[in-house]
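Notes follow the structure.
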Amino acid sequence: MQKVTIQEAEHLLQEIISEEDDRFQILIKDERKGVQKLISKWYKQKELAQKEKEKFLEMSKYENALREKGLTYIAGIDEVGRGPLAGPVVTAAVILPEDFYIPGLNDSKKLSEAKRERFYGEIKAKAIAIGVGIVSPQVIDEINIYQATKQAMLDAIANLSCTPEYLLIDAMKLPAPIPQTSIIKGDAKSISISAASIIAKVTRDRMMKELGEKYPAYGFEQHMGYGTKQHLEAIEAHGVLEEHRKSFAPIKDMIKK
């Protein structure tokens with residue numbers, strides 16, 4: 001192989017997947033600083049990819065154990081929006097295929113918006129089934145947020161295109177005739193729950209951005225309904241909306257004034 005430019009070396013390293021590659025053996029002997037920097041970057045990316053693979057395998061242990069028992073339709077379930085002062089609580093139930101793999105999958109709260117959007121598209125394309133449950137602020141006020149979250153999860157299961165054989169749920173037990181395991185911080189321990197958290201989060205965020213367009217003075221597209229200083233000041237200035245949860249403090253105290 002003739003001596004390549006730094007740019008050519010960069011393109012080659014994007015193609016090379018093993019140190020055994022003859023081209024890599026030539027590049028590693030190239031003493032130019034630019035090439036050595038690229039080699040160092042290649043090793044770091046390789047190390048990161050390995051860590052992501054190990055993390056993914058660790059997060060697949062619940063699903064793999066159930067598949068060993070002959071189960072196929074394993075639904076991960078998670079919610080987003082229990083804490084905000086406005087907007088619905090949104091849940092998702094996701095059934096993934098056995099060969100599903102997205103490196104870097106994690107709890108939706110730990111991912112950037114750009115990554116969540118990308119993963120959302122991949123999950124939608126690859127999942128066996130996805131169900132979403134949405135419960136309004138009015139119902140939350142009527143039955144309380146805990147019961148509303150349960151209801152949204154049951155709705156998400158009902159909206160799946162196939163019946164799950166087992167449920168993996170993030171920190172919740174459901175009154176459903178389906179075997180289930182409740183996992184504390186499940187969105188960081190199970191790929192199915194993690195996928196559900198991403199579907200629920202992106203779905204709810206999109207709804208809150210639409211509310212932001214409808215009520216520009218409230219900034220819903222920025223705080224997603226949570227009780228930030230900006231949000232509380234907007235309520236003081238412009239009043240309580242039908243999208244606000246009247247049973248949540250400080251909204252209920254503002255109504256009493």
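Numbers here mean position along the shown chain, with the first residue as 1.
Every residue gets a Cβ built from N, Cα and C, even glycine.
Positions annotated as divalent metal cation binding site by Swiss-Prot, on the basis of sequence analysis: Asp78, Glu79, Asp170. Under the three-state DSSP scheme, Asp170 (divalent metal cation binding site) falls in the strand class.
The domain 'RNase H type-2' annotation in Swiss-Prot covers 72-257 and rests on sequence analysis.
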Average model confidence [pLDDT] within the domain 'RNase H type-2' (72-257): 96
Beyond the site residues Asp78, Glu79, Asp170: chain residues whose C-beta lies within 8 Å of the centroid, for divalent metal cation: Ile77, Val80, Thr91, Ala92, Met153, Ile169, Ala171, Met172, Gly186, Asp187, Ile193, Ala196, Ser197, Ala200
Residue among the binding-site residues Asp78, Glu79, Asp170 whose Cβ has the most other Cβ atoms within 10 Å: Asp78
